[in-house]
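What TrEMBL says about this protein:
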TRANSMEM  7-30  transmembrane segment
DOMAIN    8-402  domain 'Major facilitator superfamily (MFS) profile'
TRANSMEM  42-62  transmembrane segment
TRANSMEM  74-92  transmembrane segment
TRANSMEM  98-119  transmembrane segment
TRANSMEM  131-156  transmembrane segment
TRANSMEM  168-188  transmembrane segment
TRANSMEM  209-235  transmembrane segment
TRANSMEM  247-265  transmembrane segment
TRANSMEM  277-298  transmembrane segment
TRANSMEM  304-323  transmembrane segment
TRANSMEM  344-366  transmembrane segment
TRANSMEM  378-395  transmembrane segment
Amino acid sequence: MTRYQILTLISMASVNFSSMICYSILGPFFPNEAMKKGASQTVIGLIFGCYALCNLMGSLVLGKYIVQIGAKVMLISGLFVSSGCTILFGLLDRVPEGATFISLCFIIRSVDALGFSAAMTSSFAISAKVFPNNIATVLGSLEIFTGLGLILGPPIGGWLYQSFGYEVPFMALGCFLFLMVPFNIYILPSFAADPTKDSFFRLFTRLKIVLICFAIFTLSSGLGFLDATLSIYAIDKFDLSPGDVGLLLLGLSLPYCLASPLLGIVSDRFPSTRPWLIVLGGLSTATGFWFLGPVPILQIHSQLWLLVFMLGVIGFSLSMIAIPTFPEMLNCAYENGFEEGLSTLGLVSGLFGAVWSVGMFCGPTLGGFTTQQLSFEWAASVQGGLAFLTTLPFAKVKKNKKLDVP
């Protein structure tokens with residue numbers, strides 16, 4: 001690799017790691033803290049979900065105007081906003097319970113989501129710009145750092161919470177994220193490009209793009225569902241501490257982290273396998289969610305070892321869906337006449353982030369509501385059904401070898 005590529009890869013790795021470690025610290029302890037402040041399970045799901053909703057709007061707008069704003073400026077600004085919001089979120093334990101606490105949760109999470117969308121939209125676009133011939137391999141390698149952030153966030157957050165209280169996890173990791181701002185200002189190169197006349201609407205009229213977007217939706221909704229519901233279920237069912245829940249989440253993120261680089265290499269060297277990776281990933285994800293509870297109609301008693309094993313299955317299978325989707329969307333755009341450049345990369349990155357955000361909104365909100373009305377077991381079963389639906393159109397379309405419509 002050239003020096004230019006090495007510096008870009010280091011920068012993107014730092015962005016993925018720092019952003020995801022700050023995002024993932026909430027899982028082990030925030031739902032219980034929010035319930036103490038008067039938030040219901042549904043409201044907690046909405047707090048997680050509003051993050052995704054604002055991420056959706058931010059991804060679409062910022063993806064469209066990435067050239068005008070500048071990819072480097074967008075990334076640095078996103079990191080700065082997210083670090084400030086993470087620190088502010090740590091002060092919410094001083095806020096009176098009830099409407100005031102809930103309102104501030106929504107406001108801070110919403111602004112944080114805009115910063116996160118700026119950082120991640122530019123990160124995807126820059127990675128594809130600098131490594132045009134090895135997109136899946138590079139994204140798979142970067143997912144190591146995404147996975148490390150997801151792996152370290154819950155146990156570190158849970159341990160800091162148990163040892164020092166509510167504020168310290170957010171203060172410590174928010175300051176760590178802030179340090180990434182001068183670091184990336186120094187090492188990240190600048191990128192010049194011309195705007196494009198293409199739009200999200202034209203991109204979304206491709207049938208192949210629609211199918212990939214549905215796969216991304218099921219992937220992110222599953223992760224969002226687990227974020228909002230798993231910690232409460234594990235604490236109530238198995239009498240675990242927040243620190244134990246953080247370790248439990250390793251079962252999800254560790255297989256994802258380890259499998260992503262290998263799947264990226266396979267995806268780049270054998271592009272024809274990408275649809276089948278998505279199909280197999282959907283089937284495995286569905287199986288994992290059906291046995292996570294497990295689904296009540298199976299009449300299998302819930303056990304901790306089964307929960308951990310199914311989280312591992314879900315983590316591995318989600319990587320099978322996540323890694324091939326972005327390069328497939330990009331290839332489809334180029335095949336349908338989109339210009340090769342940063343503008344198209346911004347559109348694809350923005351659409352990817354927007355659909356991801358829709359799933360991250362629906363997963364916690366609908367999952368939280370279903371859990372409150374029925375049970376965690378039934379809510380997980382519904383999530384498994386969505387993952388199974390992903391496999392049907394891909395298997396059928398792959399057989400017919402017709403993925404695009406005029």
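Backbone N, Cα and C atoms are what each Cβ position is placed from, and that goes for glycine too.
Because TrEMBL annotations are produced automatically, they should be read as predictions rather than curated entries.
Computed from a predicted structure; not experimentally measured.
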Notebook entry, point to check: Is the count of Cβ pairs under 8 Å between the transmembrane segment (131-156) and the transmembrane segment (209-235), pairs 6 or more apart in sequence, 3 or more?
Noted result: no
Check: Does the transmembrane segment (42-62) come near the transmembrane segment (378-395), with 3+ Cβ pairs under 8 Å (pairs 6 or more apart)?
Finding: no
Notebook entry, point to check: Can you say which of 7-30, 168-188, 209-235, 277-298 has the most Cβ pairs under 8 Å with the transmembrane segment (344-366)?
Noted result: 209-235
Notebook entry, point to check: What stretch, picked from 74-92, 247-265, 277-298, has the most CB pairs under 8 A with the transmembrane segment (168-188)?
Noted result: 74-92
Note to self: Under 8 angstroms for C-beta pairs, at least 3 of them, ignoring pairs fewer than 6 apart in sequence. Is the transmembrane segment (277-298) in contact with the transmembrane segment (74-92) by that rule?
What the structure shows: no
Margin query: I'm a bit unsure how to read this: which one of 7-30, 247-265, 378-395 has the highest number of Cβ pairs shorter than 8 Å with the transmembrane segment (209-235)?
Written below: 378-395
Notebook entry, point to check: Same-chain Cβ contacts of the transmembrane segment (378-395) under 8 Å, 6 or more residues past its ends?
Noted result: 211, 214-215, 218, 221-222, 225, 229, 275, 278-279, 281-283, 285-290, 292-293, 295-296, 321, 363, 366-367, 370-371
Next item on the list: Summarise the model confidence on the domain 'Major facilitator superfamily (MFS) profile' (8-402) as a single mean pLDDT, whole number.
Entry: 80
